[in-house]
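Pulled from TrEMBL, these are the features on record:
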type     : residues                                    : note
REGION   : 14-36                                       : region 'Disordered'
COMPBIAS : 16-30                                       : compositional bias 'Polar residues'
DOMAIN   : 42-361                                      : domain 'YjeF C-terminal'
BINDING  : 159, 212, 213, 214, 215, 216, 217, 218, 282 : (6S)-NADPHX binding site
BINDING  : 253, 254, 255, 256, 257                     : ATP binding site
């Protein structure tokens, strides 16, 4: 299947576009044709939130993303996440990391803004560790929070590690981000934190979790969801986990990517690379953050626009749509990189293909692009009009009726 035919939607006892049943069998040619038709509809919806590049745009208008992660042991993951955000189309990308990781990450690229705000526990004086740790968590949280009004989305986890002090800082920042309604993407060790304390994100709809198979097992175990016995299909388990979380969208990574908010499950099965090299998940996390920032900009502009068009996909949560777009681009970039490098493919090869994947899928570069611009003269609102009409400030709120 080509990248242009890369998805299916599973719904819950509803009709209309975006509500296919979980038992759908795609083995017949008729079903495949319908799947291809749905792919065009979904991609056209994603295209609406991708900004067209024009001469009158200013710095920051195409997205301002940050990554909280990076420690002495792990410096690559925050680099890949932050540079992926730029390679897809964000204007600015930050990394909040430990002081030991910052010089290394700065050497990787001058294009990312690196903030060495965090100490690791081993760097504190032994005789005052408890008091110093508490003070440092508060101080580091204030430093990160001071950037919230200059960011569109925050990724937490890539390269964070398991240092207790860094985990405490991440926990504190997540709580402040929720209070500020900052959209979050949690990946890597951010998911380790959530598996230990699911209440950190429970009920928060402006949040995307991106577990791989092992991370999903850990989340499911924490919430008492058995992955054995009857009804053990992936979609039902996703629905169970999201039901326990009551808000966040899950992107379950695997041979296909399953994206679920507890009401709609969207499957991205676009062709990807056969090489499963490290840091592909970090690249996806940064890409999701950029797509979320575009969704926010789209919603803000559409609320100010007098133009109203038919609601095409009212059932799909914008967080789900943004995640689907990011999965499609990332998988396409992986396919391109693998075609060029085969067994030698590494994550750096994918970074160089993200722009090509965007152009192939959405054709957004240059003034003659067909994608809807973010700003005055918006072409139409599609599925997001349901949120605009309701004037809901929380873009993650579900718009479909019925649940898992």
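Placement of Cβ uses the backbone N, Cα and C atoms for every residue, glycine included.
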Most crowded position, judged by CB atoms within 10 A, among 159, 254, 255 as binding-site residues: 159
Cβ neighbour count within 10 Å of residue 257 (ATP binding site): 25
Diameter of the (6S)-NADPHX binding set by C-alpha atoms, the set being 159, 212, 213, 214, 215, 216, 217, 218, 282, in angstrom: 20
Nearest of the binding-site residues (159, 213, 215, 217, 282) to residue 254 (ATP binding site) - Cα to Cα: 213
Other CB atoms within 10 A, centred on residue 282 ((6S)-NADPHX binding site): 29
Overall pLDDT of the domain 'YjeF C-terminal' (42-361), taken as the mean: 91
Least buried by Cβ count (within 10 Å) of the binding-site residues 217, 253: 217
Residue 255 (ATP binding site) versus residue 282 ((6S)-NADPHX binding site) - Cα distance in angstrom: 17
For residue 215 ((6S)-NADPHX binding site), nearby residues of its own chain (Cβ under 8 Å, 6 or more apart in sequence): 191, 192, 195
Residue, out of the binding-site residues 213, 256, whose Cβ gathers the largest set of other Cβ atoms within 10 Å: 256
Non-site residues, in chain order, whose CB comes within 8 A of the mean position of the CB atoms of 253, 254, 255, 256, 257 at ATP: 252, 258, 268, 269
